[in-house]
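**Q** This structure is in structure tokens; I'll ask about it shortly.
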Amino acid sequence: MILPLYLIFYFITGSVSKESCDSPLVSALPQSAFTSSSELSNSHGPGFAKLNRRDGAGGWSPLDSNKYQWLEIKLEQRTEITAIATQGRYGSSDWVTRYFLMFSDTGHNWRPYRQEDSIGAFSGNSNADSVVMYKLQQPVIAQYVRILPLDWNPNGRIGLRLEAYGCQYKSDVVGFDGSAHLLFRPDPSVTPANRDVLSMNFKTLLNSGTLVHMEERSGHTLTLELFRGKLLLQLRKGRGSSADFHPLVSLGSLLDDQHWHHVSVERVRGLVNFTVDKNTQQFQLPESWSHSEINEGNVSFTCTESIDVPVTFASPGSFLALPWVSGGESVSVTLQFRTWNKAGLLMTFDLQHNAGTLWLYLSEARVRLQIHKTGRIMTDITAGASLNDGQWHSLELAVRRGRLAVTLDRTDSSTASTSFPVAPDSQLFLGGCPDTEHSSCRNPFSVFQGCMRLIRTDAALVDLIRVQQMLFGNFSDLQMDMCGIVDRCSPSRCEHGGRCSQSWSTFHCNCSATGYGGATCHSSIYEASCEAYKHKGNTSGFYYIDVDGSGPIKPQLIYCNISDKAWMVIQHNNTELTKLKVSSGINQHLAHFNYSADVEQIQAIITQAEYCEQELSYHCKKSRLLNTPDGAPFSWWVGQSGEAHMYWGGAVPGSQQCACGLQENCVHPEHFCNCDADSKEWSNDSGLLSHKEHLPVRALTVGDINRSGSEAAYRVGPLQCYGDNSFWNAAYFNKETSYLHFPTFHGELSADISFLFKTSSSSGVFLENLGIKDFIRIELSSPTQVLFSFDVGNGPLEVKVETPSALNDERWHHVRAERNVKEASLYVDHHPGAVQKAPADGHIHLQLNSQLFVGGTASRQKGFLGCIRSLKLNGKTLDLEERAEITPGVTPGCPGHCSSYGDLCQNHGSCVEDHSGFTCDCSLSPFTGTFCHKDVSAFFKPGTSVTYTFKEPYELNRNVSAQSSSIYSDLTLKGENVSLSFRTSQAPALLLYVSSYYREFLAVLLNRNGLKHVRLNIVDFAILVNSAGDTEISSKTLEETTFVFFLGETSEKQETKTFPLNTQMHLFLSAESGEVDPEIARLNALGFTGCLSVVQFNSISPLKAALLYPDTSPVIVTGPLSESSCGSSLHTNPYAAETTHSLTDHVGSVNTGEPIVNAINSDSALIGGVIAVVIFVSLAALAVMARFLYRRKETFQPQEPKAGKTDDSPETPFNTDPNSQSIISDNQKEYFI
């Protein structure tokens, strides 16, 4: 049928008076309009159940007070019902405390009224006289009303008086038999309106069929079709076999239930609102539609109602028992069922003559039949598939002449032969078994939860109304004359594209590949910025960024360049330098830039960022740019809002200048851009665009490229932003009575709240929002407990997290709370979370109406003392700092981040406080990087060396006094920290050499047999490295090993230590005296080939200084040296093994008048030229005195063995300040690497 959109409203929609629809509907009805399941006496009959009436016994009471009783009212005609009111029986102890409200057009096939799509029950009365009224959120159109009491006064009986309110409902009705249609073709002279509305109500028992077909003049058609119980809108472009179908939208579910459903299609120009019952979706549609004419086919302007009596198996105790009376040889049982469950018992009975038991049940959404006898399976067949789809499925069990057949939906059949009669003995059980000891029915499977109808035994339809009246068969926990199936996935409560699946009583969301988590896929599993990733200890790389958390913007993969600042780098399709040449007929070049992130996400990132920039450069040769100072610009760029901008990178908005014009350093001062000079030589204008409201660059137009000799090139760099204003947005609450208030929090179905806090207080309320009855609150209830409490109408619920350590430790702690229709959860830091399931079929809407209080409460005196930071509600950050600026007792911002994030600084890096976060100072660490985590490595070849030079505090000469000489002899190096990592296949080799002013030296040698020797002029000890524990290393390539040698005090002359590394290490200590071993000079001549990494002597990192700061450090590099990643796979902890030893006495004489550095330089051919890593240390006595001044007293005392670390700790730095008062000479000590 072809129906223009804008006239369907006139023909199909019902006319309803909306001025006043609250008139009493029951009080004027005759007693004959009231019926009930039973009555206690004539004076307790249903006709006396009128509100505020005292007739008879003062109301209706049934004979028995149980859950199978009901009171029914037949209204005069189909009526719009808007409210219901109840009352107990007058002057008695009889009243109903909870009930179901049901409606019907025919007195059969009842439909329960649901509040919030999940609440089926209404709360009733608490005494006999008060009236409890409910205004229905969605009015109901029906002629019959039924009340089913669920609970009543335990000290009385069921007693009820009631009233319904509403108004008359009139509508034109048309019935279709499957072949009939209506065709409407309006007057072609009528101009189509800009707004069209198609509105109708429909009901049917069939799950598929076309409702409306609309055709546009060009042949495009729009079809409203019912398919498998859902309404589909489909657009077909074109005609014939080449037509292109486009499903536009699908709404509704289970619409084949023979109840009225409302459909509306509203078009305002190209925008269409499609509504089914209470749910609406929008989409775009072509505007014009053709005019047609009206015809009538074979239709009936009445609605013939079929009597359909379904039954609902809703609980685990539900069953239906039917007597079996047929005595023939054949057996036939048919029925229809619908369910969401994959498993459940459909039917069972014992066979005659004790031949066994038959079970017909659902298993993995297929029907399976088994016959068991004495523990053996005699017959086993399956049929059907995907039977848990909520659709009606027909099932037939037929036995005839030794053949048993199970048929699904009349097409899928499975058969089996039997050698024994298959017929019920006396009873047939459907859905389950009685929970009694005397019952012969046994159910080893799950119970069936769903609906059945059209049950036939040997072709005779079972009268379920007689069953309900206890006149036939037996049952328990059944909902008669209704199908209570609910589609919990329509509309889906799964957010962000989560896939919904369901059973009879609940639903489940599959959140895989969505980027979100939780019971409803509500909360993002990703961070909102690179700043947040940095403060989790992450380094540079690609990360998914979800800038609005649980909001609608999808996560996006973005590169985070994490250094002192965490930069978000958003690439586009052309970040390279693009060269342009003269092209005939082309006056302008237009470039569009497509970014790796969506428009919404880019805008959100820019808004949230502290700073953004984008490079814009133009290289020119006889090609003008902005045509300054007075001409019209030849080039411009388009920003975020689509507006063209006439300023260039490095200039300010609206200036029509380049960076050189702003800085007044253009090559030609009369122009504001270098390129505007129109020079025949190459020039350029480059700079950064940093006005956030204009970024990013969406398009670029380049002109002045059509003249002979004109050449140009441009580059638009990636968008880069750092900082996260929401991450550091904080407020400090310094009074218990202080708080911030914000507008009401709207989180009706899903609410997620996250924030960080730090405090020294033992308790306090973080936030609270109240409604009339509902509320939501998060508080620190004790030093080790965070409490999340709320009420959505089901009574207060609490979710608690206990932590093993106190939370009032002045460190930042992260709280995440979420409440949705399925559950509530609470997480604190990385501790195990707590989850509280929502009540089944409970209220789901959180209704708040007061202001949101942060840091305090409207209901209590004690608020929160401390800091709250990065408070987000449903992905939106509350600006705490802005509100704190104008609120007494609250201060914006909250310093002190190193207490929480300082542990991220590794390898002796120190945490430095910042207003918004922290940085890691790596100056005293041999590592570099954001967290001092990146090793500094170089690959050495023979001939490569690095000299590191220090200035002496006093000028040492050959003619110093004996007194000073004695001072020098008493002041020795008490303890030094030396560390390095290496990898080499060379043996033998010299790895390390350290020499002091007093000719003390330390050398680390690699011998030919794989021994690592540490040789001193007073001590010699060797380290044997072998993962197998053998005395020799067979492999030429040595194991990757990290050593740390700490030279301190000890009285031990010989000792052995074993270190818990991957290899065994044995240390042999023995006394030795003499000058530098000749072996060192021999190994030095061989040079070193291999990788060295993280070399450190106390606080000095000579390799790091040479590679990263060669221009500002006192280093001299000989030979090729460049940074390498060769050490990246070495042991990340350079302090894995630590050996302590002391230099207590000087052996031999020391010439205090000549620095040792000069002596070593004189032998540079032997030592300084080719040693891979050699550190020479010459420390004069007063230099040592200045550095260790705080422990001077200990220095002059007799040396004693110490168990612990000396005061000369590795963290104590050298004084390298050339302007220090203690430095008065230029004598040097050298560190060769």
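Glycine residues also receive a Cβ, built from the backbone N, Cα and C atoms like all the rest.
Taken from TrEMBL, the feature compositional bias 'Polar residues' applies to 1212-1226. Under the heading disulfide bond, TrEMBL lists Cys867-Cys894. If you look up TrEMBL, you'll see 21-167 marked as domain 'F5/8 type C'. The domain 'Laminin G' feature in TrEMBL is assigned to 309-483, 729-894. Positions annotated as domain 'EGF-like' by TrEMBL: 485-522, 895-933. Residues or ranges marked as domain 'Fibrinogen C-terminal' by TrEMBL: 521-572. Under the heading region 'Disordered', TrEMBL lists 1197-1233. Under the heading signal peptide, TrEMBL lists 1-17. Here TrEMBL flags 1165-1190 as transmembrane segment.
Give me the structural setting of these features: burial, nearby parts and distances.
**A** Around the Cβ of Cys867 (disulfide bond), a 10 Å sphere holds 23 further Cβ atoms from the protein chains shown.
The residues of the domain 'F5/8 type C' (21-167), classed with DSSP into helix (H, G, I), strand (E, B) and coil, number 9 helix, 70 strand, 68 coil.
Helix first, then strand, then coil: DSSP counts for the domain 'EGF-like' (485-522) stand at 0 helix, 12 strand, 26 coil.
For the domain 'EGF-like' (895-933), the DSSP-based tally of helix, strand and coil residues reads 7 helix, 11 strand, 21 coil.
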**Q** Mind pulling out the one from 21-167, 521-572, 729-894, 895-933 with the most Cβ pairs under 8 angstroms to the domain 'Laminin G' (309-483)?
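**A** Answer, by Cβ pair count: 21-167.
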**Q** Around Cys894 (disulfide bond), how many other CB atoms lie within 10 A of its CB?
**A** 23
**Q** When you check the domain 'Fibrinogen C-terminal' (521-572) against the domain 'F5/8 type C' (21-167), do you get at least 3 Cβ pairs under 8 Å, counting only pairs 6 or more apart in sequence?
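**A** Touching, no - the domain 'Fibrinogen C-terminal' (521-572) and the domain 'F5/8 type C' (21-167) miss the threshold of 3 or more Cβ pairs under 8 Å.
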**Q** Using a Cβ-Cβ cut-off of under 8 Å, list the residues of the same chain that are 6+ residues beyond the ends of the domain 'EGF-like' (895-933) and lie near it.
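**A** Same-chain contacts beyond the flanks: 531, 534-535, 537, 539-540, 562-564, 610, 723, 727-728, 758, 810-812, 979, 1094-1096, 1099, 1101, 1103-1104, 1108, 1134, 1211, 1213.
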